[in-house]
């Protein structure tokens with residue numbers, strides 16, 4: 001009663017402000033309150049709950065956007081020819097209406113069907129105990145069980161209990177009796193030998209569905225966790241129904257609401273707002289009770305709607321019958337049926353339409369274990385595709401005359417060919433035969449696959465080895481081995497021009513400030529030594545002159561002090577040394593200082609002579625995204641495009657919007673076109689591609705591209721086999737052994753780096769983290785000519801001074 005009153009108060013408060021339609025999700029007493037108000041006030045009501053009775057609701061103003069599963073369950077029971085079902089419900093608010101179920105069963109079939117109704121425990125931790133007790137009573141019977149839970153979380157817990165039940169369930173068949181059979185549920189029972197069926201009103205692979213979830217997660221991260229997926233999509237479609245309903249009203253009469261909105265306020269029958277209790281309006285005490293004047297018109301427009309996915313709906317076609325119930329909607333029925341001779345359940349998808357029944361079905365995959373002895377040959381057929389350096393045709397085999405040495409596997413080479421040879425050495429009986437396919441394979445609209453994936457599913461190939469990415473969609477139809485190589489999306493740019501070196505580039509190991517400090521220290525120490533030698537008696541000595549007289553001299557003149565200090569800095573000796581204690585202390589301090597400076601300079605110079613700086617325009621994907629000077633693009637329609645288009649990371653979303661908006665387009669049709677664009681655009685274009693292709697291309701002539709930054713994601717390449725293949729476990733063990741022995745790393749080095757066409761193999765670029773956007777790469781010997789230039793000019797300058805002094809002295813004495 002409290003809930004009933006609270007909902008009424010909230011709704012009446014909104015109606016005063018101008019509400020023109022109601023949307024209700026509550027199926028309990030709160031829902032009854034909303035229905036009562038809608039009926040009394042003639043207010044259009046869009047209900048997100050399913051009707052419980054054949055002619056329910058009697059309310060003219062209500063339309064129910066959630067269909068009842070009763071008719072679908074009736075057709076499914078008739079399709080399976082079941083004569084008895086057990087309904088496990090959560091009680092009062094369950095979605096399955098037994099009266100309506102029997103109504104459809106009696107209308108469509110003359111056979112009788114019995115039902116037993118059992119209530120599930122309120123505490124979901126007791127589901128396992130409930131199933132054990134149920135099995136004790138029903139283990140000798142054929143059990144057709146309809147699971148009807150009130151929430152997706154309880155459904156998940158019950159299915160988990162079914163999956164882990166410690167008893168045989170060969171005579172059980174479970175049916176999830178709502179429209180929220182998740183892809184996770186399908187995966188959970190794919191290989192469990194348990195019969196289970198479920199219904200999907202919405203396509204969980206729909207991009208529009210994932211875009212809605214992404215948008216709601218941005219608004220409120222907890223929103224998705226608090227509501228079931230079906231409730232969210234139905235609420236989305238309810239808003240569309242309301243919008244299209246009012247649009248239809250205005251299309252038929254554009255002046256319908258002219259008197260309803262005045263001066264920014266909502267009016268109904270001449271009074272502002274709609275009051276549930278007219279007496280509560282103190283401004284207009286004479287207000288009579290009045291229902292919504294346009295309620296019947298809007299309701300008729302809602303019931304006459306016909307919209308579908310082209311209009312943005314997520315639950316398919318939305319139409320209503322004369323009772324306001326959904327009609328002509330489609331449901332996918334996923335039927336997983338176990339087979340005692342198979343390792344995996346067979347998965348069949350049935351298409352069902354309200355009013356028509358089942359009209360199509362297809363088997364997605366028969367996941368049966370194939371006995372190897374039934375094959376016509378002991379040769380393992382291996383499908384692959386031509387991608388350098390994974391699989392290539394040998395150069396000598398390009399000659400059509402050289403056929404004797406280029407038959408079968410001998411005409412191919414590459415990383416995958418060597419990997420197959422290593423696998424054959426470790427796996428007994430793995431005699432393989434390679435054939436080239438056109439592409440790796442993608443899923444077609446009818447659910448089948450082309451390329452190598454299609455060959456695996458049809459049995460043409462036993463194994464697929466290539467640069468085949470392991471992803472969720474492929475994992476659903478084939479088995480993958482452990483990854484034999486990991487990669488990710490990376491950035492390729494043109495190598496920046498190498499930094500020009502001047503004659504004074506030898507000064508670059510130390511900053512300009514350090515050089516200035518050294519010069520000032522040099523002058524200062526020279527002055528100190530000069531002053532000390534002048535005031536110390538130990539630095540003066542008496543010398544006899546040539547005429548027999550005596551003179552007092554001091555070796556530490558200004559020039560000699562500067563020379564002594566310079567010689568110490570250059571790690572050289574002189575003919576003069578200080579004799580006074582103070583002079584020796586000053587000299588020792590200078591020697592210690594020069595030792596530290598020279599050691600630091602030598603270390604920096606060694607690195608500087610080995611590595612050269614290149615001004616990299618970008619260092620990471622963040623740098624690429626926040627600038628517009630360098631355009632960037634990807635291969636259109638591939639896995640890289642899907643990564644950016646459907647990523648939930650904000651920076652990748654921004655990059656995708658930027659790439660889509662560029663004119664001319666930055667998308668390319670192939671890796672070769674993208675790499676050529678990087679080379680021809682003179683550093684104004686960056687290409688995002690898988691790191692394996694990036695690193696390989698960087699070792700190819702003309703050696704003018706390079707990889708920058710870390711990989712954007714992490715993906716793996718694996719060996720694919722059909723479900724149940726005997727080779728899967730053997731290949732897994734062999735790949736793990738090859739990883740432990742380092743054989744896979746050797747293969748990678750062999751095909752990527754050892755056979756590189758560039759002088760230095762792969763370009764190793766180390767970017768500095770000091771914000772200077774500078775990178776280091778291996779320096780060539782050609783830069784040493786600058787040092788010889790300095791020596792040459794210095795020697796010439798010395799000769800010039802010698803001749804100048806000689807000329808001056810000669811003139812003086814002449």
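In case you wondered, yes, glycine gets a Cβ from its N, Cα and C as well.
What TrEMBL records for this protein:
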- 469, 474, 639, 640, 690: L-glutamate binding site (BINDING)
- 12-276: disulfide bond (DISULFID)
- 703-758: disulfide bond (DISULFID)
- 379-754: domain 'Ionotropic glutamate receptor C-terminal' (DOMAIN)
- 389-458: domain 'Ionotropic glutamate receptor L-glutamate and glycine-binding' (DOMAIN)
- 618: site 'Crucial to convey clamshell closure to channel opening' (SITE)
- 645: site 'Interaction with the cone snail toxin Con-ikot-ikot' (SITE)
- 514-532: transmembrane segment (TRANSMEM)
- 552-570: transmembrane segment (TRANSMEM)
- 590-611: transmembrane segment (TRANSMEM)
- 789-809: transmembrane segment (TRANSMEM)
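This view paints the features noted in TrEMBL onto the structure.
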residue: 12; record: disulfide bond; DSSP (3 states): helix
residue: 276; record: disulfide bond; DSSP (3 states): coil
residue: 469; record: L-glutamate binding site; DSSP (3 states): strand
residue: 474; record: L-glutamate binding site; DSSP (3 states): helix
residue: 618; record: site 'Crucial to convey clamshell closure to channel opening'; DSSP (3 states): coil
residue: 639; record: L-glutamate binding site; DSSP (3 states): helix
residue: 645; record: site 'Interaction with the cone snail toxin Con-ikot-ikot'; DSSP (3 states): helix
residue: 690; record: L-glutamate binding site; DSSP (3 states): strand
residue: 703; record: disulfide bond; DSSP (3 states): coil
residue: 758; record: disulfide bond; DSSP (3 states): coil
Whole-number Å value for how far residue 758 (disulfide bond) lies from residue 639 (L-glutamate binding site) (Cα to Cα): 30
Close in space, distant in sequence - residue 12 (disulfide bond), Cβ under 8 Å, 6 or more apart: 37, 275, 276, 277
276, 618, 703, 758 as recorded positions, winner by CB count within 10 A: 618
The domain 'Ionotropic glutamate receptor L-glutamate and glycine-binding' (389-458) - residue tally per DSSP class, helix then strand then coil: 28 helix, 13 strand, 29 coil
Cα-to-Cα gap, residue 703 (disulfide bond) vs residue 690 (L-glutamate binding site), nearest whole Å: 18
Rounded inter-Cα distance in Å - residue 640 (L-glutamate binding site), residue 618 (site 'Crucial to convey clamshell closure to channel opening'): 20
Rounded Cα-Cα span from residue 690 (L-glutamate binding site) to residue 758 (disulfide bond), Å: 21
Candidates 474, 645: member of the recorded positions with the richest Cβ shell (10 Å): 474
Residue 645 (site 'Interaction with the cone snail toxin Con-ikot-ikot') as reference: those recorded positions from 469, 474, 618, 690 with C-alpha within 10 Å of it: none
Protein Cβ atoms within 10 Å of residue 639 (L-glutamate binding site), excluding its own: 15
Closest of 469, 474, 690 to residue 618 (site 'Crucial to convey clamshell closure to channel opening'), Cα positions, binding-site residues only: 690
Number of other Cβ atoms within 10 Å of the Cβ of residue 690 (L-glutamate binding site) across all protein chains: 23
